[in-house]
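Visitor: For reference, the structure I am asking about is given below.
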């Protein structure tokens with residue numbers, strides 16, 4: 001794989017810092033606003049600030065897996081300075097990841113990672129930011145890093161080029177040599193899918209700790225120190241398959257907790273996922289809280305309302321009615337003097353029956369007229385008989 005100078009990567013990285021860039025691969029895409037970081041060596045020979053590369057692996061468009069759960073693997077290669085072949089720095093194997101049209105390799109059931117002891121302060125994190133971090137980097141960490149991503153049973157891997165530039169004595173340390181002497185099968189562009197045992201192993205006299213298999217690189221990284229062993233060159237072919245099983249008579253060491261995926265890695269959430277969960281949850285909580293407040297307010301108004309008495313008119317204690325006794329007496333005399341009239345027909349009269357005029361006159365007289373003296377009546381004068389209405 002031809003290697004370009006890191007000066008070009010630095011210029012491209014400075015331009016990309018202003019906006020996000022999506023690099024699309026065959027099976028997955030890398031979203032980042034910077035693919036390179038640079039630092040300067042301090043008096044003690046290390047970079048005081050951490051070198052960071054932010055980014056996320058995402059499925060874009062038709063890259064979303066068709067199966068409900070998928071497996072995958074991620075390999076990190078390093079092109080060191082000088083005439084040295086690339087090395088495998090980190091290998092991650094994920095199992096049973098749920099299909100999601102967003103961040104790749106999230107909420108996987110198991111995550112196994114193997115890290116090279118020659119790079120103790122380098123971290124590769126797929127679930128959290130930053131994607132690549134180097135703490136107290138020395139000049140040995142400078143160079144080009146290649147991220148190879150395998151998804152499912154895809155025959156081709158997605159390659160993403162990253163860069164770390166370190167300035168020493170006023171110049172940028174970069175790799176400008178060709179790799180024509182390296183085996184083509186040991187290059188990221190042509191190497192097959194590697195096993196976790198393919199990580200770079202330094203010489204026995206240079207290694208401070210043996211190679212370990214961890215779920216997250218940060219759990220086994222020792223404390224940074226001013227003296228960091230330099231990565232050594234290696235031309236040993238990488239094994240492309242699983243290691244051969246030992247005979248039944250050989251005692252196998254029990255696997256430690258570091259060789260298996262921890263529970264934290266299974267349920268690790270990114271910032272975007274947390275925001276996507278927090279927004280609907282907060283809306284539901286606000287609606288529920290508002291409903292409770294309205295219910296309590298209505299209940300308080302109901303109990304505070306003063307109960308007004310129902311209107312009931314008062315019945316009079318006594319009924320007073322003025323009765324014209326004289327009119328009643330004359331009406332009784334008329335009924336006795338006249339014979340009973342035949343029963344009226346059932347046919348309804350069209351005329352409204354009128355009462356006796358004398359009765360009306362008597363009833364219309366004021367109450368004070370009854371007490372006045374009446375003039376004498378001549379017995380010879382016939383008394384007029386009032387007409388009867390039929």
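Even glycines carry a Cβ here, placed using N, Cα and C.
Here Swiss-Prot flags 202-237 as compositional bias 'Low complexity'. Among the features that Swiss-Prot reports, N-linked glycosylation site is placed at 156, 175, 257, with the record citing sequence analysis. As annotated by Swiss-Prot, region 'Disordered' applies to 200-261, 334-390. Residues or ranges marked as topological domain 'Virion surface' by Swiss-Prot: 21-276. According to Swiss-Prot, the topological domain 'Intravirion' annotation covers 298-390, on the basis of sequence analysis.
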Visitor: Just how many other Cβ atoms lie inside 10 Å of the Cβ on residue 156 (N-linked glycosylation site)?
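Guide: Step by step: centre on the Cβ of residue 156 (N-linked glycosylation site), count other Cβ atoms within 10 Å, giving 10.
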Visitor: State the mean pLDDT for the topological domain 'Intravirion' (298-390).
Guide: 63
